[in-house]
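Enquirer: Dropping a structure here in structure tokens format, bear with me for questions.
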Amino acid sequence: MGLSRYLLGLLLGVLCTPAPAEVLFRCPPCSPERLATCPGSAPRPPCAELVRAPGCGCCPVCARLEGESCGVYTARCAGGLRCYPHPGSELPLQALVLGLGTCGKRRDTEYGSSQERGTELPEERSDNMLVDNKLEAGPAVAGEAAPRKPSKKEMKEIAVTRERANEQQRSKSNKSEDKKRPARSLCQLQLDQVLERISGMHLPDDRGPLEHLYALHIPNCDKNGFFNLKQCKMSVNGQRGECWCVNPITGKALPGSPTIRGDPECHLYYTSPEEGRAHTQRAP
């Protein structure tokens, strides 16, 4: 449970607005050159608030409002809000990856300020590992402070937390041996592999923990376990991640579809089996 909260905190950091607590990872500044690559027209319809694209993107997108769905691949929540998994979710980290979170009012007071709780565990403090959410090009976006390297005490606490999480996982596996589970889809299996890699990462180093997440491709699965037509890499170095179109069943790229930093309009390159049968029936 502790490791899950630690990893959940890392993803929450990508999805939320900044907090005054010490930041372990900061996005690079949005230079004029990077901002010049953004689309010229403002998002439509008009937004109540503009925020940076997911990850470390620099282009403006409409912020998600309270009650709207959110996740790793969606736009961020508006100021004063945070993307939370649904209460009681058994897999909160996976829920955020799948975009099944909900924008809600910040609940930082539940944890207390960092000044009042200087001895809190890393998984508790990870709730404040935030990446700037505002659309600005100055130091407020990137910050000038270098990433803080965790102390030996914190590294030991992380190791203990990871071992406890592994023990809990082994215990759950033993209890579920007699239970029949539905077959996992290819997308879900790939997602499980990525989450397993994340759980085994050596997070504390000089690059900052979120750098590791950007190096991975997290499969974008829908609620039924299939691949979403559009798959995207996370934004990095102020640029939007590349997006491409895939077959929902196999996850392989659709022939003729582009790989671009934007919307590849995947509906133009894929015909569902139902649509294909309907077209055949209408043909003379």
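Heads up, the Cβ atoms here are built off N, Cα and C, so glycines get one too.
Remember, predicted model here, so these are calculated numbers, not experimental data.
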Enquirer: Need the cross-check against Swiss-Prot: the disulphide partner of C77, picked from C47, C56, C103.
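Expert: Candidates were C47, C56, C103; Swiss-Prot matches C77 with C103.
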Enquirer: Between C27, C30, C62, which residue forms the disulfide that Swiss-Prot gives for C47?
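Expert: That would be C62, the partner Swiss-Prot lists for C47.
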Enquirer: From the list C16, C38, C56, C58, which cysteine is recorded by Swiss-Prot as disulfide-linked to C30?
Expert: C58
Enquirer: Among C59, C70, find the residue that Swiss-Prot gives as the disulfide bond partner of C83.
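Expert: Answer per Swiss-Prot: C70.
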Enquirer: DSSP-wise, what's the residue breakdown of the domain 'IGFBP N-terminal' (23-106) into helix, strand and coil?
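Expert: Across the domain 'IGFBP N-terminal' (23-106), DSSP assigns the residues as follows: 11 helix, 20 strand, 53 coil.
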Enquirer: Would you mind reading off the Cα separation of C187 (disulfide bond) from C38 (disulfide bond), to the nearest angstrom?
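Expert: Cα of C187 (disulfide bond) to Cα of C38 (disulfide bond) measures 31 Å after rounding.
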Enquirer: From the Cα of C83 (disulfide bond) across to the Cα of C77 (disulfide bond), what is the distance in angstrom?
Expert: 6
Enquirer: What is the total of other Cβ atoms whose distance to the Cβ of C83 (disulfide bond) is within 10 Å?
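Expert: A count of 25.
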Enquirer: List the Cα distance (Å, whole number) between C83 (disulfide bond) and C38 (disulfide bond).
Expert: 25
